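Taking it in order: structure first as structure tokens, then the write-up.
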Amino acid sequence: MILTILVGNTNTRLTFFHGRMLKRRRIVPTGRFLSCPEDFFRPDKRMLGAAFASVVPGAMNICRRAIRAQTGRPLFCFNKKIRTGLDIHYNLDQLGPDRICAAVGGHVSFPGNIIVLDFGTAVTVNAVTKDGRFLGGAILPGLSLMLTSLNQATARLPRTRPGKETRIIQHGTRSAMRAGTFHLFSGGLDHIIRHIESETHRSYSVIATGGGATLISGQLERIVAVDQDMAAKGLVELFYINQR
């Protein structure tokens, strides 16, 4: 059994694999997880290893100590020197591990050229060719972050959660905020996808992952699959690549 630990800005995803087959997962708020990670790691003789990736500073050392204490196993940690199986055309010092994990997961799961949309606090758009070249992409704020910014940067716009408002013309402030951000967001992603294809002279299959993927997938006709476990699948693949 291999445990993958993906610590994000908002949530942490714990996923257990038997080989490369996903067996179970658990999603917990990152603050709760990092305050007491031992609560989520139980001694298990079946566990052969654990793999970690995060965009949160300080999370690696916390997880390394917890895994060692609870399982006796070392923690495989993502870093820019590991083998990825991809030919990366990007500044490695600035490339987040979440982007590489999702790209690797997409590349091993879907043949052909792909664009991976990873919906988190921020949304990353990454292009990967069928022969394994990571071309890079774009980063934009997620829907929740957009709505939070509207609330915090203005005097009277209220707090509200993301929602799918199909009509542009609304008759209340919260629904108007949801409509504006939702259509700006979906239209912007469609624009980015078309420009990636134009700039690279390739067509792509678009794959979505992350917490907001389900909400937006119905609006973007280009999305051919939603896989919430793509980054975890990529991280377990990285674990095996680097055991060779």
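Numbering starts at 1 and runs along the chain as displayed.
Quick reminder: no glycine exception, Cβ is built from N, Cα and C everywhere.
Whatever TrEMBL says is automated annotation, not expert-curated.
As annotated by TrEMBL, ATP binding site applies to Leu6, Val7, Gly8, Asn9, Thr10, Asn11, Thr12, Arg13, Thr121. The substrate binding site annotation in TrEMBL covers Tyr90, Gly96, Pro97, Asp98, Arg99, Thr173. Here TrEMBL flags Asp98 as active site, proton acceptor. The feature K(+) binding site is assigned by TrEMBL to Asp118.
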Long-range Cβ list for Thr121 (ATP binding site), cut-off under 8 Å, min separation 6+ in sequence, same chain only, gives Gly8, Asn9, Thr10, Gly142, Ser144, Leu145
Have a look at the binding-site residues (Asp98, Asp118) and report the one with the fewest Cβ neighbours inside 10 Å.
Asp98
Roughly how many angstrom lie between the C-alpha atoms of Thr12 (ATP binding site) and Tyr90 (substrate binding site)?
26
Thr10, Thr12, Thr173 as binding-site residues, winner by CB count within 10 A
Thr12
Note: among binding-site residues Gly8, Gly96, Pro97, least Cβ-dense neighbourhood at 10 Å is Gly96
Provide, as an integer number of angstrom, the distance between the C-alpha atoms of Asp118 (K(+) binding site) and Thr173 (substrate binding site).
28
Including all protein chains shown, what's the count of other C-beta atoms within 10 A of the C-beta of Arg99 (substrate binding site)?
23
In three-state DSSP terms, the structure that Thr173 (substrate binding site) belongs to:
helix
Near ATP: residues not in Leu6, Val7, Gly8, Asn9, Thr10, Asn11, Thr12, Arg13, Thr121 with Cβ within 8 Å of the site Cβ centroid are Thr30, Ser54, Val55, Val56, Gly120
